[in-house]
Amino acid sequence: MLPQQRLELAVAIAREAGERIVEARQSRTFNQQLKKGHELVTDVDVAVDTLISDRLEASLPGEPRLSEELAPDREVTHTAEALWVIDPIDGTVNFAHGLHHVAVSIAWVSEGKTRLGVVHAPFLGETYTALYGQGAWCNDKPIHASRTTRLERCLVGTGFPYRRDSRPPLMRRLMAVLEHCQDVRRNGSAALDLCDVACGRLDAYYESVSPWDFAAGLLIAREAGARAGHLYPCPSGIPEDLYGENLLVSAPEIHAELGELLRAADANELRLS
Ligand code: IPD
Ligand code: CA
Ligand code: CA
């Protein structure tokens, strides 16, 4: 199947998944649990992952899938083969609290490169798409990243891991960004943060996340003209498009300066007032 047809399939599946999410919110009958002791998961996360996997299997039988709830442990190093990368609900905490920043994220990777991505936000009525080398769109209209050149005018998105003991080192980064940029947003969906970078609402996004959180959104941001990279070198053997540690995605002109600021914060080299 051609990438364009794959994208159309992924969009149709993401929209069906979005309808299921909206219905579940309206009926308010879902159960909530903690996985690994600290990560919220609802029945709806699992049901939507099952729906997406069933639909992909029906159209493209046997194609490998990495998905947060059903198949999170697949080796991402085996991506000479094709791989679907799925987050059924990005923004589970928002979903459970009745907030609107919730998305279905589906990407398809082959030979280590993300070829297509869809991020569908059912409560916002926004469907973001991208095809490798061909551009990015929101509701079928082309989108473009910010061209800002001044760090002090940057609105920066980020997020924090569920593990509480991983959070304190990130406070230095947060302080640095609050001091040198316009402000910070923590909207609770990495996929939508990346789409907000893609359409210039945010000037930058940084975080460490899992492949399903960012695979589709990163392609959308890059195809919209954002610069995407990592604060530190990536380990060999893992495709960079699936390596989620220390991501920095931003308006191209401020990428280097913001990267330096975040690394200096990590090294505790900044004097903050
Ligand atoms: C989370 C969201 C959040 C990010 C977390 C992710 P989930 O995904 O993307 O914005 O800060 O790191 O785990 O759990 O809602 O799918
Ligand atoms: Ca997620
Ligand atoms: Ca999720």
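Every residue, even glycine, has its Cβ placed from backbone N, Cα and C.
Here is what TrEMBL says about this protein:
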- E68, D87, I89, D213: Mg(2+) 1 binding site (BINDING)
- D90: Mg(2+) 2 binding site (BINDING)
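Under a cutoff of 8 A between CB atoms, and with a sequence separation of 6+ in the same chain, the neighbours of E68 (Mg(2+) 1 binding site) are D45, D49, I86, D87, P88, S210, W212.
Within 10 Å of its Cβ, the residue among the binding-site residues D87, D90, D213 with the fewest other Cβ atoms is D213. D213 (Mg(2+) 1 binding site) sits 7 Å from D90 (Mg(2+) 2 binding site), taking the CA atoms of both as reference points. Taking Cβ-Cβ distances under 8 Å and a sequence separation of 6 or more, the neighbours of I89 (Mg(2+) 1 binding site) in its chain are I21, T42, V44, D45, V48, F95, V102, A103, V104. Residues D87, D213, taken from the binding-site residues D87, I89, D213, are distinguished by a CB atom under 6 angstroms from ligand 2.
Surrounding the centroid of the Cβ atoms of E68, D87, I89, D213, where the record places Mg(2+) 1, the chain contributes additional residues within 8 Å, namely D45, I86, P88, D90, T92, S105, A191, S210, W212. I89 (Mg(2+) 1 binding site) falls within a strand when secondary structure is assigned with DSSP.
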